[in-house]
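Student: Right, I'll just put the structure down here and ask away after.
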Amino acid sequence: MDQGQNSEVKMNLMNLGTKQVHTQSKPQEREQWGSKIEFILAVAGHIVGLGNVWRFPYLCYKNGGGVFFIPYVLFLFTCGIPLFFLETSLGQFTSQGGITCWRKICPLFEGLGYGSQVVVLYTVVYYVIILAWTFLYLFSSFTSELPWFYKLFVEFWERRILGLSSGIDHIGNIRWDLALCLLLAWVLCYFCVWNGVKSTGKVVYFTATFPYVMLVVLLVRGLTLPGAKDGIIFYLYPDPSRLSDPEVWLDAGSQIFYSCGVCTGVLTSLGSYNKYTNNCYRDCVYLCLLNSFTSFVAGFAIFSVLGFMANEQGVDISVVAESGPGLAFIAYPRAVALMPLPQLWAVSFFVMIIFLGLDSEFVNLEALVTTISDMYPAFFQNKCYRKLLLLAIAVGSFLVGILMVTEGGLYIFQLFDCYACSGMTLLLFAVLQSVCVGWVYGADRHYDNIKDMIGYRPWPLMKYCWQYFTPAICTGTFLFSIIKYTPLKFNNTYEYPWWGYTIGGLFTLSSTLMVPLWMLYAVSITPGTLRQRLKILCTPARDLPTAPLKKEKSKEGFQTFTGLYTLRQTDSPDVAGWNSHQEIKNLDGLITVMNSDPKQFH
């Protein structure tokens, strides 16, 4: 190639390169959180929820008091924080939601995203029912005398609120007061995420902080009640012999997964709105510690009041200690009825429950909408279409939720709670996520990505957890869960009919089977031999962020062609800007000449 030809090709390719760079710089930028605190509060609102108040304290008392913290902390540092960080960092690195992030990292595991979003959809449908119950209790508290004052705690819950039927095969009538409360909850959730992270980021300033104010108020009030000391001792008194019971360890692991919100893709979606250089490592560690600290403090607030109630009634605290809805809608209302100014404390408690549930619900909803929008970015660039998608999910979920505000609705709710959002499903997803990032994509490669984002490598324990500890512990817990599995019984007495358990099983399979079904589908449509197909499906996308090129002390012309070579390597030939294969061929020829004698272009 003579000098004249070189000059002509050089000018053509410089124009082509300018066109390509210009084309690549125009895609619509992804929305971002208005500030770092919005991200912190949104994640805190997601993970700090009802489980911190009505599940952790009961598990602690049930499983040996203070010694329960030993397995709990072990699971926190080997599973909870590593998975929390893995998902958040993936979202921040790829700027993608819960499905497309796996498509970018390792297409073979894209089914993980589909499975996790099925779980999120189920959660969105059934979790809001708790808000409907709480709203009805809250409205019932604005009376001169609490309606459950005369020892009608269970009756008020089962007859007035639920109108509970004899079984799931007797659905009965719709409880219209509950249906209206459900509609109210959905209207609030809809407008909280109406404008994407711009509205969500502002709402969480209140919804994520106000529960802490109420928790402190209830804690101070509880600690000043007679009998509070007995309740706290009952909550924390250590029983080392319980550590030999495998079920204690299973409860600790399940609580970590339940409260940290991992393996659902929600953290990935929230992290995707971060700035690329945000220190997500520090954020994740602090948020997980905040979540655990909140659970610990909530135990004092709950058991101090239960100790007071046991003292007033002259019974052992084990008689009044409950978990789940039984604590929120029977035990605690029963306790506040014995306090001075019971209406004030009832309203305070139910307002706290509403805000704890509300931000968990609408953050799940935001994550689901984000994930679907990221699958069809061109279509959902129009904000109206995004709002219509949000409306469709809200209306559809409300209509399904109507089944759970019937007289037999609590039986359906329990099926969703036990099977649709199964702990075993999340454990399986945890193992697959760890294998995908730790071994297929590569823990070291992801550490390089993280270093590019935050400027340094995290503590090596994270990498070892992804590769060894997390998959091993989660596999062991998963197998033990299968061995210890017992069919769901309502109130430990009512057995569901066979078709009820079948529906529950279908709930579980509908999410877990997404992973193998996607793998089979992806392999079947990918060309080449089996080995070639697997290699293609385990190769990350070419448009993932890369570390900045090192600055070379060379002239502008050589830097321009180096940049073009980078574009040639990272972009597919059919992208806008490469008008023909001949142009690519010319570029390859020029690069060959440059490699042999780059001086002629200086």
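If you go along the chain as it appears here, the first residue is 1 and each next one adds 1.
Quick reminder: no glycine exception, Cβ is built from N, Cα and C everywhere.
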Student: Of the candidates N279, N291, N382, which one does TrEMBL list alongside G45, V48, N52, S259, L356, D359, S360 as binding Na(+)?
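Tutor: TrEMBL lists G45, V48, N52, S259, L356, D359, S360 binding Na(+), and from N279, N291, N382 it also lists N291.
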Student: Under a Cβ pair cut-off of under 8 Å, which of the recorded stretches 203-220, 388-413, 464-486 contacts the transmembrane segment (66-86) most often?
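Tutor: Result: 464-486.
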Student: Counting only pairs at least 6 apart in sequence, do the transmembrane segment (464-486) and the transmembrane segment (425-443) share 3+ Cβ pairs under 8 Å?
Tutor: yes
Student: May I ask which of the stretches 37-54, 119-139, 203-220, 284-310, 344-367 has the most CB pairs under 8 A with the transmembrane segment (498-523)?
Tutor: 119-139
Student: Can you say which of 37-54, 119-139, 203-220, 344-367, 388-413 has the most Cβ pairs under 8 Å with the transmembrane segment (284-310)?
Tutor: 37-54
Student: If we call contact 3 or more Cβ pairs under 8 Å (sequence gap 6 or more), are the transmembrane segment (178-197) and the transmembrane segment (388-413) touching?
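Tutor: By the criterion, they touch.
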Student: Using a Cβ cut-off of under 8 Å, list the residues of the same chain at least 6 residues beyond the transmembrane segment (344-367) that approach it.
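Tutor: Residues 42, 45-46, 48-50, 52-53, 97-98, 120, 123-124, 127-128, 130-131, 134-135, 137-138, 141-142, 146, 185, 188-189, 192-193, 196-197, 200, 203-204, 207-208, 210-211, 214-215, 217-218, 221, 264-266, 268-270, 328, 332-333, 336-337, 390, 393-394 contact the transmembrane segment (344-367) from elsewhere in the chain.
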